[in-house]
Amino acid sequence: MCIQVAANLAAAQFDKEVAQNASRFDWQNFNNATLKRLFDAISGLGTAAQRDQAKLKELNNVLSEMDNIYSTGKVCEYDNPSNCLALNPDLYSCLANNRTYDRLRFCWEGWRDAVGRKLKDKYPRFVELSNDAVSQDAQNWTDTGAYWRSWYEIDDFQEQLENMYNQLKPLYNNLHAYVRKKLMEQYGQDKISATGPIPAHVLGNMWSQSWINLYDLVEPYPGKTSLDVTPKMKADGWSVDRMFRTSDDFFKDMGQIEMPQNFWDNSMFVKPEDRNVVCHASAWDFYNAHDVRIKMCTNINMIDLITVHHEMGHIEYFLQYKHHPVPFRGGANPGFHEAVGDLLALSVSTPTHLQTIGLLDTVEDDNESDINFLMSMALDKISFLPFGYLMDQWRWGVFNGSITTATYNQEWWKLRTRYQGIVPPIPRNHAKDFDPGGKFHIPGNTPYIRYFVSFILQFQFHKALCETSGHTGPLHKCDISAGPNKTAAGEKLAQLLQMGSSQEWPDAMEVITGQRDMSAQPLVDYFQPLIDWLEQQNQGETLGWDESWTPPYDCAATDGFTCADGSKCIRPGDRCDGVNDCADNSDEQNCGRPVASAQSVTVSMATTFISTIVYILLTTLN
């Protein structure tokens, strides 16, 4: 049994014993609201409620196997199978920096072949085991999705999400139309339709969730001071340590808790050379009130600088609520933790703050510079909204059975086309492909709607704290740490963080915003100047997309394969695997070429130490 599985089983057994002890009390009738909430928290077991130890062990084994597949997957070149590309940094870089349509397709497709297909047969069993486990919880959850949604403590949670998404949809559609037009100029009308969805591989990100890497293609006013400070960081010799120290200074300037020494001693800031690791940035709380860490394969660039501040936000949250009993050491709801990290990043991203830390020589204060800045923010924030919304729409459907094993991939792409306006660059073989598995949070079993919620909350928090700090002027120019009353803003933030999950989240929200409901309006207010500009730019453009459009693909020209009788390849990327992929029910022709196959490999992973204490895995979306 691997260390991770053993640790998870030990934690589950501990949770069961605690819940059993709690059941001896008539806690539902306690008068003390805090004590009642504490007992309620320790009585809910989730998957740990599984009474069959063999099934619980199998569930954890499946999760461990899926994690291993994802963390060790690599994509090997067609013409040089010994040259294999890891997701980070190789495939990240390919999608971010390459502008060759077919090369992008290779990187996009290769990752899904290397990882998704190997997960396809494992995920249904995970779903079955997870649903069975939560059904044995005290609340008898109907499925895992219902259990996850219960964390938000409101009956109309899904309706509220839908209402907020619909409020933001016009902004996304305007950004989509503008970016689509620019991509059509780059790749031509034969590859990008003026009225269709966008091929998923040309948006600068493996999952099309952030379009920030397209900024050079869509910049509204070229020639203004560049907002990408990556070249400046490299020219000035920034180190990974300096990136984290700068973030620590940001928190200290607002009166927050300084990072403890063991944080610096025990964290993993760069990718190790002696073992394979999951490079997805994450913050860890070891629940002993002093051991907190970050695990991140940091690179010297602006995106990672922002990510560092995001992850440090999680660490600050850990430190602020460490005085609570363990069940209360968490965000007020799952979206709060992510919102706090991104809230701080909103200030760090401003040109004035970048100038303060020496990464911008001058700040141009004019409308064109404002639009450039807001475009860069929208390519990261607005582009994410439909993806953040749909991930768990798909997963909730899987858990409740409305999406069946046979339709996993079809329904995934229906949602991605409907909400994101994207399509796969090549035909998918739904019998073999499992494209959801190409995103870490699916095999990692990390709920995702928290990120959509966090994008709503972070702008609510930002607006409220900007007002408290004494900022005047447009919301997008606010740096909370630079306001004349920044200490008061810091105190209000600390008050929220110190609450942890000891009270219902509307109580925590009220501390900062004075409101008890989520609202998308502050996000709209932040981007209003860009909204007005996009509406002008998109006059005559089609807003939305024809969901039936698919991009052309010539498999023979791209992969060098042809079908035996010259007929059309049904699924050109299967590369001579012995499965019928051609319209004549044959595999591809000329399969005997020694270097023709694009192989996917899994490299054996050295066993890594996983804490025996329950951890919180929190990420930046990328």
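Cβ atoms are placed via backbone N, Cα and C, with glycine included.
Taken residue by residue with DSSP, Asn32 (N-linked glycosylation site) is part of neither helix nor strand, so it is coil. Residues annotated as N-linked glycosylation site in TrEMBL: Asn32.
Among the features that TrEMBL reports, disulfide bond is placed at Cys76-Cys84 (among others). All chains included, 18 other C-beta atoms sit within 10 angstroms of the C-beta of Cys84 (disulfide bond).
For Arg450 (chloride binding site), the same-chain residues lying six or more positions away in sequence with a CB closer than 8 A to its CB are Asn333, Pro334, Gly335, His337, Glu338. According to DSSP, Arg450 (chloride binding site) sits within a helical segment. Taken from TrEMBL, the feature chloride binding site covers Tyr152, Arg450.
Long-range Cβ contacts of Cys297 (disulfide bond) within its own chain (separation 6+, distance under 8 Å): Asn88, Pro89, Val270, Lys271, Val277, Cys279, Ala281. Annotation source TrEMBL lists disulfide bond at Cys279-Cys297 (among others).
Annotated Zn(2+) 1 binding site per TrEMBL: His310, His314, Glu338, in sequence order. A helical conformation is recorded for His314 (Zn(2+) 1 binding site) in the three-state DSSP classification. Cβ contacts within 10 Å of His314 (Zn(2+) 1 binding site), excluding its own Cβ and spanning all protein chains shown: 25.
In the three-state DSSP classification, Glu338 (Zn(2+) 1 binding site) falls within a helix. Taken from TrEMBL, the feature Zn(2+) 2 binding site applies to His310, His314, Glu338.
All protein chains considered, the CB of Glu311 (active site, proton acceptor 2) has 27 other CB atoms within 10 Å. As annotated by TrEMBL, active site, proton acceptor 2 applies to Glu311.
Taken residue by residue with DSSP, His441 (active site, proton donor 1) is part of neither helix nor strand, so it is coil. Per TrEMBL, active site, proton donor 1 is recorded for His441.
The Cβ of His441 (active site, proton donor 1) has 21 neighbouring Cβ atoms from other residues within 10 Å, across all protein chains displayed. TrEMBL lists His441 with the feature active site, proton donor 2.
The feature disulfide bond is assigned by TrEMBL to Cys466-Cys478 (among others). Of all Cβ atoms in the shown protein chains, 24 besides its own fall within 10 Å of the Cβ of Cys466 (disulfide bond).
Taken from TrEMBL, the feature disulfide bond covers Cys576-Cys591 (among others).
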For Cys279 (disulfide bond), what is the tally of other C-beta atoms lying within 10 angstroms of its C-beta?
21
Could you state the CA-to-CA distance between Cys84 (disulfide bond) and His441 (active site, proton donor 1) to the nearest Å?
23
Nearest-integer angstrom distance between the alpha carbons (Cα) of His310 (Zn(2+) 1 binding site) and Cys478 (disulfide bond):
17
Using a 10 angstroms cut-off on Cβ to Cβ distances, just flag whichever of Cys76, Cys478 is the loneliest among these disulfide-bonded residues.
Cys76
Here's one to test understanding: among the recorded positions Tyr152, His441, Cys466, Cys478, whose C-alpha is closest in space to the C-alpha of Glu311 (active site, proton acceptor 2)?
His441
Candidate nearest Cys76 (disulfide bond) in space, where candidates are the recorded positions His314, Cys466, Cys478 and distance is Cα-Cα:
His314
